[in-house]
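S.K.: One structure, pasted below without further comment.
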Ligand SMILES: Cc1cc2nc3c(=O)[nH]c(=O)nc-3n(C[C@H](O)[C@H](O)[C@H](O)COP(=O)(O)OP(=O)(O)OC[C@H]3O[C@@H](n4cnc5c(N)ncnc54)[C@H](O)[C@@H]3O)c2cc1C
Ligand SMILES: Cc1cc2nc3c(=O)[nH]c(=O)nc-3n(C[C@H](O)[C@H](O)[C@H](O)COP(=O)(O)OP(=O)(O)OC[C@H]3O[C@@H](n4cnc5c(N)ncnc54)[C@H](O)[C@@H]3O)c2cc1C
Ligand SMILES: Cc1cc2nc3c(=O)[nH]c(=O)nc-3n(C[C@H](O)[C@H](O)[C@H](O)COP(=O)(O)O)c2cc1C
Ligand SMILES: Cc1cc2nc3c(=O)[nH]c(=O)nc-3n(C[C@H](O)[C@H](O)[C@H](O)COP(=O)(O)O)c2cc1C
Ligand code: FES
Ligand code: FES
């Protein structure tokens, strides 16, 4: 009854590795059956973080797919320790099991007539945008990635994006290049020189506003991946709603089901 | 205000080893500070079993002291996996911490004018009686230990008792030597040949009744260590009471505080 | 062959496992064959369209969760035009959960959802009654009796009354619901609770307070299910903190004829089908042939007579 | 220098941490210096000598426990002749918890324990009132008002009323206790619950049902403490599921002036002294000089107006 590409699985995967990428982020690599790796960039999994002495997460934790590789049977997450659940996740050793539910939600859309794509990512946003970059590369798109971070050492996945042939621009707080003004100038420049067909970003209110303005100004489409507290992750509990602009006024949509990727202009600041 | 030998400690010990003794029992050896090793045979500790995936004990679990060795800083427990708490205990690896509260309760009494002591033990009862055997040995008492088990392979601590110079008699279900009738004959024999000054036993209703009868018949003193569900282990919550005969009628006593060792004739079957 | 089916009034369920309202929707069909479930219970709907409460709508507490979703609803027309037809594809009976702010609104909705395709109506009388100082109908026997009578008059379909744990009068409320015409009791909804973020000093839920569900609720809800099973003659459907087959057995032994699984589905979306399989295996292993061998088999003996109606902890 | 002291009516406590009734006794002195505690609260005593309930009196449930001890008591004479003199050695105020089956018995006991050496009386009105269908006094505003008036007349000592969570009328009961003359509220006692052993089919407690305490109770008790702090002007003493300093802060922020630690002491007997030290360190770290900087600092803003008196989960 359910189309194959909407099928969701509860699966026990095995940890291949789980190691720090830098001071803040860790990369978790799981061995996963091919059936659960039929993913779209921007989708996420709902992870049952392990129970440890003093760390007893109850609900699952949503995590964007950083990489899915059906050929080698691998599923990857890039995460930051934020609290109990992610701290417990960080204790997972190779060989241990991890129960995952997914793939979940609606991913990014790359329309055939879009050629020049711009990614604007910071922190965990990179995790969400990485598979999009790979997909864009596979489909022969021209990709520019503006990677933002606190400082140059905190920049992540640069090599990954570079290997995909992306044009990379790094901005950081410590170099004072990550401010809105500079970003606007940068993007205006990109639009003027090569043209941009679509924006892709994640999470931040600040970046959302900037891209909404630029998108409206130049009539450029865009998509944003959003976060919200989740319980079920499947669309059942209605806890993960956010407000969106719609022709009929403000509506609630579920981040886990209608999202986590939404149209840039529909999204509302918070 | 509290006499030194009544002082109780909450201490984080380190696991030295935790390995199977036979199919049913495991020996847990902890590195412990000397201050908590000022124990009396028959006393117990209250263990905060670790939390594991799928094994999340909440209350502490009471465990008799199998061995306490202030010289080498060791505390030992002999235990059987009965449920959640002990199953979690069995997962402890060398080097891991274990929070223990103790020493707790009233231990066995060896009166100076008692010379010939009889231990009657089965299963976990051996754990409780082992330090008594050591103490009796140190004090130059003559010790007979009747060790009971399902089958000869399940007999435990025989070598330990033998090294203490105890006279050992083994009885087992599989050899059909552990029945009440045989035990009564055995003990009557011991009383007739060497004389016995005191009985020591644990737990079983069946053995309690037998020793009460023999004790009354021959006017032999005795003590029994009893079990009861515990919460605090310290005498505060009143949950661990049992009924006892007293000159004024039946009274409730706390197993954790007035016990776990009680006078044999006061104890009541259940 | 073991027979897992159970009788809830006039309704025969193929097994005693069904989802709890608000923790299930068509979306679960992306994970499992929902036709294997004993019944299909919708999220509570209201007559009109409602948005629900501000976010955050959930938070985690020690080994359990709080929610304050606030019954967002697409209204009765959407239910009749979209939801009912969707469930036609399944033969597990469709149970619609409804709620209203006033007795009349409640009764009107009850009539409006009494359409072919609906097998039973679960009336969520754990919601606030705005005519009576905002307390839930099911907090008092009198308001329970009142609303159940009106609801009974509004439909010929089986009526399941869903009780609240936020009361000191469980047995009386259960009897009032039966007297008012309930065909079964669902015991129980979430317990009012709160959590505060110590850093920000803000309540963790957008709506200040919310309902506790999950394992922490189990001993409370089980006690209520037991009290209700003693107090009434209609079937009791246990609900609260069920996540294992052992939990289900505890409720059945206590007197429940079926159970609802809520929060556990969030943790393990396939929990219900695993439980159904394990329940069958348990019956085989213990030589039970039918569910009534287990239901109400609690060995409470003397104790029960003296303290069944105790509604206070010592 | 930070000042941890708090004011409970006329009584000044050196810090807001004290044990909960029934989870503390002289025996804790074998582990720690009980003089460091804000107050010393006895197990509830009754007028006469009582044996208490059948065993098993405790059992474990998911991350928490149930108990049904049943108030074994050595009676009032033992209390006056042995307990009171024992506590003379400590300067932390002695609070005696009392209970009675009838209003008169309760009031007599209240008078009998009003002796020098007792600093306050905690009246456990969460116990069943045998004159009124066995429901606890504190389940209803009317019986609460009634018994509190009689108790007030029986003593000049500060009266702390200990409320029960087994009610749907928390705010009303709190106001009734204040009106009846309580100097403070202790919020709250255990929640009635049950557990069944699936193997034996027997209730896990000898007395069939018992009280839930520990972490599972916290979100419920915190909600009640918050409701009570909004409903009355007298101090609220929070109690239920506290095991960490963060738990204490949650209660204080919600409006409690002090807290009682119960079951956590069973898990970590030294929990209270660890919490006192951590609380002091927290004050220093966050630049607070006195407890009133924290007490009732919840940022509930608009939300509070609309839903404070909500007594039902959505
Ligand atoms: C669709 C989606 C994709 C995400 N992808 C990633 C990713 O790739 N890498 C990454 O590091 N993080 C990601 N996050 C955020 C991640 O889910 C949270 O950091 C994590 O849940 C925090 O859990 P915790 O127990 O460590 O923190 P705590 O603060 O202890 O969590 C408490 C509760 O709040 C929830 N919560 C806390 N932060 C968030 C958040 N930002 N979004 C939603 N719920 C939250 C938790 O799930 C938990 O229920 C994503 C979130 C969403 C919704
Ligand atoms: C003073 C004393 C000394 C003991 N010494 C030993 C020993 O040396 N070796 C050993 O193997 N066992 C000993 N026991 C029994 C041991 O405490 C239990 O086997 C253990 O608590 C079981 O916990 P569990 O979680 O594995 O089992 P579960 O059955 O899951 O336990 C559930 C609950 O019941 C309690 N419980 C279960 N069995 C008993 C019991 N027999 N006595 C008291 N409470 C119980 C547990 O503490 C727990 O709270 C002793 C008990 C007491 C009271
Ligand atoms: C997110 C969420 C939403 C809920 N929504 C409803 C609802 O709309 N109507 C209702 O009667 N109960 C609702 N409930 C209560 C559940 O149906 C159930 O009674 C409760 O969660 C206890 O069961 P559990 O512990 O198995 O979750 C909801 C519970 C949760 C967790
Ligand atoms: C074993 C036990 C015995 C208790 N006895 C009493 C009592 O005699 N009187 C009383 O008012 N409360 C009694 N209580 C309730 C506690 O005082 C406290 O209100 C409750 O346990 C909640 O706090 P906690 O979760 O911190 O334990 C008892 C609780 C336990 C666990
Ligand atoms: S998390 Fe349940 S609907 Fe989105
Ligand atoms: S276990 Fe608490 S008094 Fe014995």
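Any Cβ shown, glycine's included, is placed from N, Cα and C.
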S.K.: TrEMBL records C:21, C:43, C:44, C:124, C:162, C:240, C:241, C:262, C:263 as FMN-binding residues. Which of C:70, C:100, C:211, C:214 is assigned to the same site?
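M.R.: Of C:70, C:100, C:211, C:214, C:214 joins C:21, C:43, C:44, C:124, C:162, C:240, C:241, C:262, C:263 in the FMN site that TrEMBL records.
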S.K.: Which is it, of C:70, C:262: the one of these binding-site residues whose Cβ has the most other Cβ atoms within 10 Å?
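M.R.: By the 10 Å Cβ neighbour count, C:262 comes out on top.
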S.K.: In whole Å, how far is residue C:162 (FMN binding site) from residue C:124 (substrate binding site) when you measure between their Cα atoms?
M.R.: 5
S.K.: Rank the binding-site residues C:21, C:68, C:124, C:190 by how many other Cβ atoms lie within 10 Å of each Cβ and give me the one with the fewest.
M.R.: C:21
S.K.: Which one is it, among the recorded positions C:21, C:44, C:127, C:162, C:240, that lies nearest to residue C:190 (substrate binding site) by Cα separation?
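M.R.: Given the candidates C:21, C:44, C:127, C:162, C:240, the nearest one is C:240.
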S.K.: For residue C:44 (FMN binding site), just count the other CB atoms lying within 10 A of its CB, please.
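M.R.: For residue C:44 (FMN binding site), the count of other Cβ atoms within 10 Å is 24.
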S.K.: How many other Cβ atoms sit within 10 Å of the Cβ of residue C:43 (substrate binding site)?
M.R.: 23
S.K.: Within 10 Å of residue C:21 (FMN binding site) (Cα-Cα), which of the recorded positions C:43, C:68, C:70, C:127?
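M.R.: C:43, listed in sequence order.
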S.K.: What does DSSP say about residue C:162 (FMN binding site): helix, strand or coil?
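M.R.: Reduced to three states, the DSSP call for residue C:162 (FMN binding site) is strand.
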S.K.: Check each residue in the chain of residue C:240 (FMN binding site) that is at least six apart in sequence and keep those whose C-beta is under 8 Å from its C-beta; list them in sequence order.
M.R.: C:165, C:187, C:188, C:213, C:217, C:218, C:220, C:221, C:222, C:224, C:225, C:262
